[in-house]
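Enquirer: This is the structure I want to talk about, given as structure tokens.
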Amino acid sequence: MPAPLISPSILAADFARLGEQLEAISNADWIHVDIMDGHFVPNLSFGPDITATVKRSTDKPLDVHLMIEEPAKWVKTYIEAGATTVIFHVEAVDDEVAAVDLARQIRDLGARAAFSIKPDTPIEPWLDKLHHFDEVLVMSVEPGFGGQKFMPAMLDKVRALRESIDRQNLDTIIEIDGGIDTETIALAAAAGCDCFVAGSAVFNSDDPAQAVEQLRALAARS
Ligand code: DX5
Ligand code: ZN
């Protein structure tokens, strides 16, 4: 998969016109699907049925971001609903052993395994576990809501990941989520991100496909 990859978050889409909105971003690489349970994060979004509807409406890989408690109970359901990649939060599992075990279960079920990490959680304990994961999703806002301001301090986490992935010669993808727009995407790309989630920057635009193209070009130039 050639970087940079753009993964629009449908959290910012108009759900009354979901099919049209997905067609409008036919130049995107992946589709980012934000699952919120009202417990792990203080907001509720949608679940497996909408995920399956998205799957039926697009031929893009689905990047399913589980912002939920007890993710192990749900991974099979979301893979059956069409998740290409299942991203769970390290804060939602007991410890590193449980996280690696869950990654193995996800891979055994035929999906790509990823973890996500909240702004206040240190990345260091995870750097020697990266070979168990196809992807890491760095949160550059507090998870729960679209439209928040990018936290530049999270780029230190991206740089630590980049250095570690390159040193270990892994192909783990670094993805970033939150506040990515035409101002911030170049910073994230320069720090070493391969894939960029963008909600508001794509769906609040009059021309979502052009927004995807512009974001990709800005990331590629960095
Ligand atoms: C936040 C979600 C994001 C969100 C990004 O909890 O994980 O994927 O939709 O939205 P923007 O791009 O508007 O910050
Ligand atoms: Zn997300």
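Backbone N, Cα and C atoms are what each Cβ position is placed from, and that goes for glycine too.
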Enquirer: Out of Asp171, Asp177, Asp181, Asp194, which does TrEMBL tie to the same divalent metal cation site as His32, Asp34, His65?
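Expert: That divalent metal cation site, as TrEMBL gives it, pairs His32, Asp34, His65 with Asp177.
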Enquirer: Ser7, Ser9: which one does TrEMBL list with His65, Gly144, Phe145, Gly146, Gly147, Asp177, Gly178, Gly179, Gly199, Ser200 for the substrate site?
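Expert: Record source TrEMBL; matching candidate: Ser9.
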Enquirer: Which ones, of the recorded positions His32, Asp34, His65, Asp177, have a Cα no more than 10 Å from the Cα of Gly144 (substrate binding site)?
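Expert: Checking each Cα against Gly144 (substrate binding site), the hits are Asp34.
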Enquirer: For Asp177 (active site, proton donor) and Ser9 (substrate binding site), what Cα-Cα distance in Å is obtained after rounding to a whole number?
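Expert: Between the alpha carbons of Asp177 (active site, proton donor) and Ser9 (substrate binding site) there are 9 Å.
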Enquirer: Using a Cβ-Cβ cut-off under 8 angstroms and a sequence gap of six or more, which residues of the chain neighbour Asp34 (active site, proton acceptor)?
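Expert: For Asp34 (active site, proton acceptor), the qualifying residues are Ser9, Ile10, Leu11, Ser45, His65, Met67, Gly146, Gly199.
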Enquirer: Using CB under 6 Å from any atom of ligand 2, narrow the binding-site residues Gly144, Gly146, Gly179, Ser200 to the ones that qualify.
Expert: none
Enquirer: Give the number of CB atoms, excluding that of His32 (divalent metal cation binding site) itself, located within 10 Å of its CB.
Expert: 28
